[in-house]
Amino acid sequence: MSETAGKGVTMPEIMQSSYPDETLYREKDDSIRPSRLDDFIGQEELRENLKVFLNAARDRGQAMDHTLFYGNPGLGKTTLAQIIAAELGVNLICTSGPVLERSGDLAAILTNLSKHDILFVDEIHRMPITVEEILYPALEDYKLDLVIGQGPAARTVKIELEPFTLVGATTRIGLISSPLRDRFGIISRLEFYTPEELSQIILRTSRILNVPITKKGAIEIGRRSRGTPRIANRLLRRVRDFAAVFGSATVDEELVNHALQKLDVDEKGLDQMDRKLLTVLIELFAGGPVGIKTLAVACSEEVRTIEDIYEPYLIQCGFMKRTPRGRMATVKAYKHLNLTD
C-alpha cells in the first residue's frame with residue numbers, strides 16, 4: 001500500500017488488480033461456512049459435546065436429540081445446524097419462526113421429512129403459539145395431531161412422522177415458552193469469540209476467497225470484529241475492496257487500519273451507532289440510568305435492535321451496564337469517548 005493511501009490523504013487511481021473477478025468471490029461466498037465439525041473454529045466446549053452427541057446418534061442409528069442453540073446474531077447457529085446434517089449424512093430443511101404463520105405450514109413440512117432429517121427453525125422464538133402447540137406431540141412421539149372439519153363434525157387425525165431432529169436457533173431464549181424449551185434434549189449457548197479465534201477464522205476465509213493477508217492483518221481485523229465471525233468476514237471483504245482499489249497484493253496491518261478507519265470502526269470494534277448510543281447516554285442523560293425505550297427514541301433506533309445488536313457487546317466490553325432503573329454508561333465509556341465524567 002502506498003504511503004499516500006496509508007495516510008488517507010488522496011485516493012489513488014483505480015489500478016488493475018491482481019485479485020480474481022468479483023463473480024468468483026460471489027461463487028465462493030457460500031463455501032465460507034465450514035461443513036465439518038473439525039473445521040469449526042471456536043466454541044470449544046460446545047464443539048466437544050456436540051461431537052459426543054453426533055457419535056452417539058450414529059452408533060445407535062437413531063435421530064439426534066432435538067437441539068436448541070441460542071446466543072447473539074452471527075455466532076454460528078445456522079452453521080452448526082448445517083454441520084449436524086452433514087456429519088449425520090441427512091437432509092437439512094430450513095425455515096424460520098415468522099414464516100410459519102399457520103399450523104398447516106408446519107404440518108406440511110413435518111409430513112415431508114424423511115427418516116432422521118434435520119428441521120432447522122431460525123428465530124424459533126417468533127413462532128406463533130398455535131403453530132408451536134402442534135410441535136409438542138411431534139417432538140415427543142413423532143406424531144402429528146390434526147383437526148379436520150369444524151363444529152360437531154370435526155375429528156382428530158393422528159399422522160405418524162418419520163423420526164427427525166428439530167434444531168432451533170434463537171437470540172432470545174427467554175421468549176421461548178417453557179413447554180417448548182423443555183422438549184429440547186440439548187440446549188447450548190454460543191459465546192462471543194476471542195480475537196485469536198476470529199483471526200483464525202479470517203485466515204481460513206482469506207484462503208477460501210484467495211485474499212492474501214498477513215497474520216498481523218488478520219489479528220487486527222479479529223480484534224475489531226466484536227467477537228462475531230459474521231462481522232469478521234464482512235470486515236475482511238470490505239478490506240479486500242480497499243486492497244483491490246489500492247493495488248495491494250497483500251492485506252497487511254497498515255491497510256487494515258486505514259480501511260477500518262474509513263469504515264468508522266475504532267480500535268475496540270465500535271462503529272458509529274455504538275458510539276452514538278454511548279454519547280447520547282452520557283451527554284443527554286448524564287450517563288444514566290435511563291430506560292431502554294427512552295434511549296431508543298433519543299437514538300432514533302428500535303428497542304429490539306439496541307437490545308439484540310448493540311447492547312450485548314457494549315455490556316461485554318464494560319462500556320454500558322444494566323440496572324433496575326435503566327442503562328448506565330461506565331467510567332470506561334467516558335474514557336473511550338474522551339468525555340468528562
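Note that Cβ sites are derived from N, Cα and C of the backbone, with glycine treated the same way.
The region 'Disordered' annotation in Swiss-Prot covers 1-22. The annotation region 'Large ATPase domain (RuvB-L)' is assigned in Swiss-Prot to 4-193. Here Swiss-Prot flags Ile32, Arg33, Gly74, Lys77, Thr78, Thr79, Glu140, Asp141, Tyr142, Arg183, Tyr193, Arg230 as ATP binding site, drawing on sequence analysis. The Mg(2+) binding site annotation in Swiss-Prot covers Thr78. If you look up Swiss-Prot, you'll see 194-264 marked as region 'Small ATPAse domain (RuvB-S)', on the strength of sequence analysis. As annotated by Swiss-Prot, region 'Head domain (RuvB-H)' applies to 267-341, with the evidence given as sequence analysis. Residues or ranges marked as DNA binding site in Swiss-Prot: Arg322, Arg327.
Cα separation, Ile32 (ATP binding site) to Arg322 (DNA binding site), rounded: 36 Å. Comparing Arg322 (DNA binding site) with Tyr193 (ATP binding site), their Cα atoms are 22 Å apart once rounded. For the region 'Small ATPAse domain (RuvB-S)' (194-264), the mean pLDDT of the prediction comes to 92. Just so you know, of the binding-site residues Ile32, Tyr193, the Cβ with the fewest other Cβ atoms around it within 10 Å is the one at Ile32.
Neighbour counts of Cβ atoms within 10 Å were compared for the binding-site residues Arg322, Arg327, and the top value is held by Arg327. According to DSSP, Gly74 (ATP binding site) is assigned to coil rather than to any helix or strand.
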